[in-house]
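> Okay, here's the structure, questions in a sec.
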């Protein structure tokens, strides 16, 4: 485990989908000082990007008070969306540069509300490249899918 600063929450999140759309899952690994918490869930019919957003939302929602947070994701869609594209989309009335509606607008709006509660630094890591915490988040996301499939909801 890499050395971590005290009093900062480290949130590692990932989304996964089997088929796109298809059954999907999200996973979150949270670390704060010596404490660790794992969260996961799944949805019967979703997309990979929706699960990436949901992972970040659920991780941030789980924090009971405003915090300093370092979020690590392997999703450029999530990282660039929240740090670069969101203000532009809002200025354009939730339209992309080619005038089409932004996909997943309700999730982006929910994520923005959660982000506003905290001071966040966003990091991107290459997926499936051996980053230990990202691999755990990926395993949790896949557990979410497995649980959805086990329930027989497709």
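Sequential numbering from 1, following the chain as shown.
Note: Cβ is positioned from N, Cα and C throughout, glycine not excepted.
Sharing the record's features from Swiss-Prot:
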DOMAIN    5-146  domain 'RNase H type-1'
BINDING   14, 52, 74  Mg(2+) 1 binding site
BINDING   14, 138  Mg(2+) 2 binding site
> Return the member of 14, 52, 74 nearest to residue 138 (Mg(2+) 2 binding site) in space, with distance defined Cα to Cα and candidates limited to these binding-site residues.
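Closest by Cα: 14.
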> Counting Cβ atoms within 10 Å of each candidate's own Cβ, which of the binding-site residues 14, 52, 74, 138 comes out highest?
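Output for this query is 14.
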> Can you count helix, strand and coil residues in the domain 'RNase H type-1' (5-146) using DSSP?
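Within the domain 'RNase H type-1' (5-146) the tally stands at 57 helix, 46 strand, 39 coil.
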> Determine which residues of the same chain, besides 14, 52, 74, have their CB within 8 A of the center of the CB atoms at the recorded Mg(2+) 1 site, and list them by sequence.
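Residues close to the Mg(2+) 1 site, other than 14, 52, 74: 13, 15, 16, 51, 55, 73, 75, 78, 127, 134, 137, 138, 141.
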> Averaged over the whole of the domain 'RNase H type-1' (5-146), what is the pLDDT?
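So the average pLDDT across the domain 'RNase H type-1' (5-146) works out to 96.
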